[in-house]
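The block underneath contains the structure these notes are about, expressed in structure tokens.
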Amino acid sequence: MKTWSVPGFSEIRELGAGGSGRVVLAVETATGRRVAIKYLSEQLLEDTHFRREFRAEARLLQEIVSPHVAHLRHYVEVPHGAAMVLELVDGPSLRVLLRREGATVPEAALTVLKGSLLGLGAVHRQGIVHRDYKPENVLITTDAVSKLVDFGIAARDGSTPSAVAGTPPYMAPEQWQGRSPTAATDVYAATVTFFECVTGFRPYGGDSVAEIATGHLTADVPAWKAPEPVRPLVLRGMAKDPAERFASVDEFLDALEAMATAGYGPDWEERGRRSLASLVVALLMNLSRPRTGEPGATTELATTETTPEDAPTDIPDHRTAPGVRSSRASRRTPVVIGGAAALLVVATAAGVLANRPSANDAAHATPAFGTSSGTSAPPVGTADSSPGGPTPRHAPTHDSAPPSPPAPGTTRPKETNPGGGDASGTPGGTPRTTAPLDDDATMPSAAPPASASGVAMRVSAVHITSLKEAAPVRGAEATVTVTTTRPDPVTLELTWYDSDQAGVPGARNGSTEVYRLSGRTTYRLTTRHEFTTCPAYWGLRARSTPAALSGDIYQDMGALACILQPRG
């Protein structure tokens, strides 16, 4: 079956893919304009809840009207597909700029901050808190206009978070404490990013998440490290108590304008824009430009735009940076990206797709649980579609031994006949338990089982689509998907780890969980684990038998629940 594509666009190439979908670079055939198209995965299309969430995110993006927010051009949904057509920005992320150039001059940093605050103001007026403002999510155009992207974990102002969420170096104290996000949460993150721009380093460092959190929660604001004219901005914007920060983005902008003019003269912004634009242009000149490629085929299907029917024809920002139009016309004509810079904006969207939880992929499995050094709750029947915790890191394991039947210490249910297309992995009796698994043991390879037709079943991929905090206090919840070529039996092994180093498994925590899956070609299960220790990172490794073509996968997250309590 041919993969569905958005009508009216010719796809150039895929820019990213993950458990929830993929992102492609495409050209609108009628205008030649380049866009990024984010597709919801075919598996998740069947889930009503996740499809509704995808649609809601599109409506949210369409309603945010600002030249400082990368917007959604339109949303397309048909029975066999759903996609967002997104603006592409002609410029790199602020992270790329800082990595290549280091600290900027104060005028350039103030220009970025002003543009970001204008974008955040548009977001806040819709009652939304971004929650993940950071250099990676700020794109800078060749005209020195900053644009905010990635609303993957955005939340309603004052809503109760389901888990600690954000990126540790930029998280406000209230985020670490699991309190409701407000506009002041974004003000804090914007100030931290501004501090990094003018100094070249983050205000609070550390080798672990715990050290970073301690800085944000208890350490003095290191305003003395910033240039003297902007220190009052840093002190107030990074106040520990949200009530002591700027009451709104507009108040922050007033203070910024006054302090910048007093410290750097009335033409500070003009000089800042020139400096910023020269940095962006120089950076892009060093990037290779990919080939456009030949236009691809498209299908004839109707599109549905999510523009509110009562939207005014002209919705200006309260303020506008020099050289930026703020109108419905400019909103409907996105900036066209060129060359290698196309990869920079789409990487963010692809990352969101790869890490957002999927819902109800029709997996059926019952595990046997070990309790030697940790405990696991039974798998949850449906996924939590709310945003997960801090962006987890992906690091595939490097041991060359292929997966095999469990060694000592693994718990496994008895195999059962699936008895039909919709059955799977429920054990027919009490599982047996053996001694702990030795991760360093060499395990014999297992040949793929042959089906009745004689064609061997293959495991296409194993993905950890979500990893986040969960109750009880020292707990984590993971959602894992397995994709196979046939509905024949497959074994999934999940092992939890402690670690003091990101991306590297440390000591195993608890017994390996083993699931016997059958009757489907796509499985999804959610499992919870209670940790008995409190390291810097908690991790999970997933492997299958037969071995997945994509290999084993390891993913970890900061042990945020340990931040406010002593280590065990």
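Cβ from N, Cα, C; glycine included.
Since this is a predicted model, take the numbers as computed values, not measurements.
What TrEMBL lists as domain 'Protein kinase' is 9-259.
The feature ATP binding site is assigned by TrEMBL to K38. DSSP assigns K38 (ATP binding site) to a strand in the three-state reduction.
Taken from TrEMBL, the feature region 'Disordered' applies to 289-330 (among others).
Per TrEMBL, compositional bias 'Low complexity' is recorded for 293-306.
The annotation region 'Disordered' is assigned in TrEMBL to 364-451 (among others).
Taken from TrEMBL, the feature compositional bias 'Gly residues' covers 418-428.
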Seminar exercise, completed: Restricted to the domain 'Protein kinase' (9-259), the mean pLDDT of the model is 90
Seminar exercise, completed: If you count the other CB atoms within 10 A of the CB of K38 (ATP binding site), including all protein chains displayed, you should get 25
